[in-house]
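Undergrad: Can you keep this structure in mind? I'll have questions shortly.
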Amino acid sequence: MTRRSETLFALAGAVLILVLAYAVPWLRFVLTIALAKGLAVLGILLLLRAGQVSFGHALYLALAAYTVAFGAVLVPEALLLLPAAALLAGIVGLLIGLFVVRYREIFFGMLNLALSMVFYSVLEKFYALTHGADGIRLPPVTVLGRPLAGETGEWTVLGIALVLALACGALVRVALASPLGEALAGIKTRETRLDFMGVSPKRVLLAAYVASAVMAGFAGAIIALTTRHVTPALSYWTTSGELVFIAILGGAGSVLGPFLGAAAYELTRVYAAATFANAWQLVLGLVLLAVIVFAPGGIWGMITSRRRAA
Amino acid sequence: MTALLSAKGLRLAFGGLKAADGIDLDVEAGEFLAIIGPNGAGKTTFINMTTGYLKPQGGTIAFEGKPILGLSPRRIVGLGVARSFQLPQLFTEHTVLQNVALAVAAREGVWSVLTPLLRPRFRDEAAELIARFGLTRITDVRADALNEGARKLVDIAMAVALRPRLLLMDEPTSGVAAAEKMAIVETLVRVLREAGVTAVFVEHDMEVVGRFADRVAVWGQGRIAALGSPSRILNDPEVQRTVIGIAPNGGAHAAA
Amino acid sequence: MAGTGRDGVVTRREALIGAGAAGASLLMPGRSAWAQGAAKPAEIKVGIATYLSGPASVFGVPGRQTAEMLFDEINAAGGIAGVKVRPIFVDEGPGVDHVVGEYRRLVQSEGVHLIFAAISSADCIACAPLSDELKRPTLLWDCGTQRIFEDNRYSYAFRTQANATPEILAALLYLLKVKPDFKSIAVINQDYAWGRDSWDIFRTAMNTLKPGVKVAAELFPRFGATDFSTEITRVLALRPDVVLSTSWGGDLDALIRQASDRKLFERATFVMPLAESSLQRVGKALPAGHIVGARGDHWFLHPSPADPERLKRFSDTYKAKYNAWPIYPCFHMAQAVSAMKAGIEKAVAAKGGGWPTDAELASAFKGLEFPSPTASVRIREDGQGLENQLIGTTLHSDKYPFPVLTDMIVFPAESVTTPVGQKSADWLKTLTPDMVAKLPQAQAFKS
Amino acid sequence: MAWLSENGILVGLALLDGLSYAAAVFMVAVGLNLVFGVLRVLNVAHGSLYAIGGYAAASIGLFAASLGAPPWLGLPILLAAAVLVGVALGPVIERLLLRRMQDREPVLQLLVTFALFMILEDLQKLVWGVQPVVFDAPLKWLGTVDVPFGQDAIPFTAYQLYVLPGVALATLAILACVLRYTLTGRMVVAVTVDREAARAMGIDAARVTMLTFTVGAALAALGGALAAPTVSLVPGVGASTIVLSFAVVATAGLGQIEGAAVAALLIGLGRSFAVYVAPEFEVVVPYAIMVAVLLFRPQGLFGVAETRRI
């Protein structure tokens with residue numbers, strides 16, 4: 001698919017989100033969460049390009065969400081909290097990245113999982129500070145000095161999420177076609193060759209890893225601003241699994257995939273939960289299975305193959 | 001004048017097998033040096049040690065007078081030593097153009113994220129290089145769809161794109177159809193001569209060796225058994241018995 | 001989700017149609033809060049957040065079953081103020097962000113009139129502010145944390161049961177009464193907020209009422225742990241007089257069985273404020289003589305119910321329908337349903353038969369007193385419910401294949417609940433030992 | 001001195017607990033590792049098989065007991081139930097799902113098992129409900145053993161002290177012997193080491209895969225069945241088991257049977273000492289051990305470093 005049609009598709013999607021959010025008020029919340037998760041999955045997509053799967057990116061999600069929750073006590077300004085949370089996620093991503101980029105495949109995935117589970121335990125352990133599984137409620141937050149609350153607040157967060165999604169999507173789109181992005185894809189197929197071309201695959205992967213941590217950080221901050229309540233469950237391994245699930249559901253072929261996947265995932269879950277409250281997991285599992293077996297390119301793959309056929 | 005590449009007393013054993021047992025070799029700037037010998041003699045090991053993939057247990061290697069022993073492959077490439085592979089190492093999900101362009105980009109530094117890999121400068125240089133190797137018609141073919149001969153050439157083109165001063169090639173013509181072989185080697189030599197690249201290549205085809213090598217080194221059990229001009233070496237009865245004997249008609253080498 | 005076209009691939013059009021059909025029911029606009037008022041609804045829709053997946057579904061599913069049973073009963077009797085009721089269940093299993101989303105959907109799409117939320121304290125803490133934001137009356141039906149009404153004030157959220165403070169304090173008072181001379185205690189709690197919070201309450205009150213008790217070990221095995229042999233070995237070696245565990249569900253079952261297998265019950269008196277919910281499952285693996293609570297005055301063999309017929313009907317119907325005696329989440333659900341009924345009827349009466357707005361309904365819950373299966377519960381002005389607490393000692397009887405309770409004490413709600421405007425942590429430090437002397441008489445098991 | 005002697009005995013007690021815990025962990029992890037070696041898929045649904053094995057064993061055991069079966073029959077029933085689950089589910093899952101996915105990307109294969117996990121998790125809930133299930137006849141029948149502790153004696157169940165470690169040791173020994181000395185076992189090893197080469201040598205890789213997966217499934221079920229007498233089976237028991245087994249497998253080195261034993265031992269003993277020394281870190285122990293091992297041995301304890309072929 002050409003760059004132009006992808007751009008058009010993205011803009012059409014953004015308009016659709018706004019229309020839906022206007023027409024169906026309760027969807028504002030769901031769509032904001034979907035956009036946030038899409039942002040985090042965009043980072044997963046970067047790592048998937050290198051053939052690596054992280055089962056621990058919920059760590060950055062939770063880290064940023066807690067940063068917002070704790071930071072809001074000191075500085076209740078969302079436009080400062082958001083970049084601060086993402087920055088912190090990036091810094092921690094750099095430190096952890098220096099360690100994990102030495103590993104590949106299952107070891108890479110498992111180390112990420114282990115570290116996120118350690119963080120989960122820490123959140124539970126420092127219970128006097130974090131209230132453990134009960135989580136903490138965000139204090140009132142402002143945007144440009146105005147309180148972030150009520151319907152205006154919901155629109156504001158949705159708007160921020162949408163702008164971030166478009167910006168990060170465009171940036172990742174450009175970066176993937178750049179030498180660095182193509183070298184990243186080279187890690188998947190022939191990592192050693194990169195070394196023999198004078199390029200350090202570890203550093204290339206580290207760059208992608210830090211970027212993915214930053215995007216997961218944005219996602220976590222938006223989730224915190226939307227749900228207004230953060231719990232350690234954000235860093236549990238199933239949350240990380242969910243991100244990978246969304247990546248495959250949406251399709252790894254385009255930066256639109258994560259957002260399509262996240263929207264489909266959230267809506268399927270809400271719909272399944274509303275229809276089969278005690279078997280929604282089963283429905284999600286069947287959907288995932290069907291996508292993998294019949295449409296390995298994910299939703300994005302379905303759309304493009306249809307276009308090609310037409 | 002010092003040699004471009006100078007190896008002294010290289011030793012490396014895998015268990016009981018001595019892959020390098022005191023190798024001394026100087027490669028002069030501008031020459032084409034062929035390495036021949038039976039399988040298991042340690043020819044590829046020499047390339048692997050020179051390019052930093054294997055670390056010798058003893059000895060020294062210097063490139064342009066600077067010791068390179070213990071440096072990573074990445075650092076050695078940075079100094080101007082590139083290599084190609086016996087089994088082509090291509091980015092299988094990329095096209096030929098992207099593969100070569102990525103090598104061009106690697107030379108220039110890959111740390112730009114806002115401009116595409118196939119920016120005009122990289123694309124033109126890669127396309128030109130591909131044309132010189134006579135591969136223009138497969139420019140946009142994905143690397144995993146190529147035949148062995150084409151893969152081999154793309155593999156070498158990627159090494160050449162790094163603009164090395166020394167190029168080490170591991171069996172550049174194995175797998176290439178016999179009918180095309182000479183033409184391809186002609187191209188290769190022309191390209192390398194134009195670029196002023198010194199070359200060391202492992203080769204089993206004595207016709208290729210005879211036609212293109214300035215010097216020939218014969219490997220045997222981790223040592224250099226003989227070293228000299230092609231005419232002298234290829235006519236040496238001992239070499240004929242041990243090396244050429246097991247590579248009849250040049251090319252398809254029997255199992256050792 | 002969508003039909004499959006040729007080649008087994010979902011075509012775009014089909015996918016869109018499928019998604020559209022699937023989405024249609026969800027895209028229905030919700031009932032807006034202000035447009036509603038005098039008009040009597042066709043039915044009263046109640047959103048109920050409960051655990052339908054994960055370990056806490058051992059409470060969530062009985063809660064759901066009770067709701068279904070009682071909603072049917074109400075409808076069979078003509079509904080509330082002539083209007084039928086319909087429950088809409090949502091699963092707490094996926095976590096807070098899911099529940100918060102579902103809360104909005106229930107209000108803005110389903111247009112529910114009331115919400116029952118939730119079992120998890122985290123979900124309650126997140127939903128209570130939403131109730132004010134979306135102005136929908138919300139009954140907190142089962143969560144334990146005392147923080148909700150001590151840290152904040154809400155106009156639309158009410159709790160139809162007690163909270164952790166009275167539930168744990170009652171167990172401690174009972175222990176002080178029946179085993180006043182214990183010297184040391186060990187705790188084995190689940191490693192999450194409830195396990196930590198409940199130990200904090202217990203320890204604070206214990207240090208006030210009986211200073212100098214030695215805490216032999218504080219063990220917090222992982223939530224969902226299945227193997228407690230290390231913890232049990234340690235406690236066996238330390239020989240404390242009392243072992244406290246506020247664990248529940250599979251964790252508590254496993255702990256009781258493993259402690260029983262290794263004779264720990266013979267060496268120490270166990271205090272288990274939530275064990276009423278495990279009695280029927282662990283059966284006589286749990287020996288006689290240990291202290292058991294039920295998070296309220298719930299027990300299907302309650303010694304002094306206000307309305308014995310009501311309790312018997314509730315317990316027998318549940319038993320006949322689901323083949324088990326009701327456990328505390330069933331009672332908590334019954335209280336929420338009863339509060340809903342009483343609240344709506346009060347609001348309708350206040351309007352002289354007209355239908356109340358959301359705000360009018362919410363204000364009806366303030367100060368509401370409604371019957372529970374065993375007694376009655378009053379909602380204080382801060383929204384907190386005042387519920388009695390029943391604690392007893394296990395006894396093996398031939399009539400039941402599991403331990404029953406004897407020497408039961410029913411603690412009056414006012415005596416064990418933190419007063420309005422005070423924080424539990426502070427209030428517990430003001431307790432005086434004479435409160436143990438003033439406890440009501442224990443009542444024995446009557447077969 | 002008195003402190004030392006008393007604590008010396010405590011260490012002994014911790015050893016006993018750690019050993020039985022390690023045995024339980026090993027039973028789950030060994031099957032996972034075996035399957036990983038041959039299929040190169042980290043089977044997330046392994047946890048579900050564990051849960052189903054436990055539930056099935058408990059159901060069959062309780063049913064047999066209701067028919068008046070003597071308590072000594074409990075142990076054989078556990079074994080039989082495990083084999084039944086393995087034979088019933090293993091080949092079906094392998095043939096219907098995993099075989100179709102063989103040539104797909106590893107992440108897709110992993111997600112297929114994740115989808116399966118979600119489906120089985122709900123199915124298990126629909127079949128066995130949410131109330132904890134237990135079958136402790138074998139444990140009761142075997143009784144307790146008093147371990148001296150100073151003047152005191154600490155009762156341990158014979159089941160925990162003898163049966164769990166015994167079965168684990170037997171499993172280890174049988175697996176090691178089969179893999180080393182039988183033709184089938186060697187074929188399994190050959191496929192583990194190099195699938196293509198094994199195929200070239202004429203080994204029926206498809207059959208080996210099916211066989212291995214069935215054995216792996218039976219081992220998972222056996223792990224669950226052995227847990228049924230002590231553990232209360234509840235929804236979610238599979239999920240917490242699988243993360244722990246992942247940690248064991250990564251620590252062990254992929255495909256390494258002996259490695260799984262050593263890693264399980266490390267984690268079991270580590271956990272039980274943590275309960276004595278620093279109970280608040282008990283939860284983090286498996287991950288800490290895994291990170292520490294991978295720091296010094298990137299391929300796991302017994303993993304063979306794969307030389308990148310060039």
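Every residue, even glycine, has its Cβ placed from backbone N, Cα and C.
Pasting the relevant annotations from TrEMBL:
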TRANSMEM  D:20-42  transmembrane segment
TRANSMEM  D:49-69  transmembrane segment
TRANSMEM  D:75-98  transmembrane segment
TRANSMEM  D:110-130  transmembrane segment
TRANSMEM  D:162-183  transmembrane segment
TRANSMEM  D:204-227  transmembrane segment
TRANSMEM  D:233-254  transmembrane segment
TRANSMEM  D:261-278  transmembrane segment
TRANSMEM  D:284-305  transmembrane segment
Undergrad: Ranking D:75-98, D:110-130, D:233-254, D:261-278, D:284-305 by the number of C-beta pairs under 8 Å to the transmembrane segment (D:49-69), which range is first?
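TA: Most Cβ pairs under 8 Å with the transmembrane segment (D:49-69) come from D:75-98.
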Undergrad: With the transmembrane segment (D:110-130) as the reference, which stretch in D:75-98, D:204-227, D:233-254 has the largest tally of C-beta pairs below 8 Å?
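TA: Selected stretch: D:233-254, with the most Cβ pairs under 8 Å.
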Undergrad: The transmembrane segment (D:20-42) vs the transmembrane segment (D:284-305): three or more C-beta pairs under 8 Å (separation of 6 or more)?
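TA: Answer no, regions not in contact.
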Undergrad: Which range wins on Cβ pairs under 8 Å with the transmembrane segment (D:162-183): D:75-98, D:204-227, D:233-254, D:284-305?
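TA: Highest pair count goes to D:204-227.
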Undergrad: For the transmembrane segment (D:233-254), I need the partner stretch with the highest count of C-beta pairs below 8 angstroms, choosing only from D:75-98, D:204-227, D:284-305.
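TA: Ranking D:75-98, D:204-227, D:284-305 by Cβ pairs under 8 Å to the transmembrane segment (D:233-254) puts D:284-305 first.
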Undergrad: Give residue numbers and ranges for long-range contacts of the transmembrane segment (D:284-305): same chain, 6 or more residues beyond its ends, CB-CB under 8 A.
TA: 244, 247-254, 256, 258-259, 262-263, 266-267, 270-271, 274
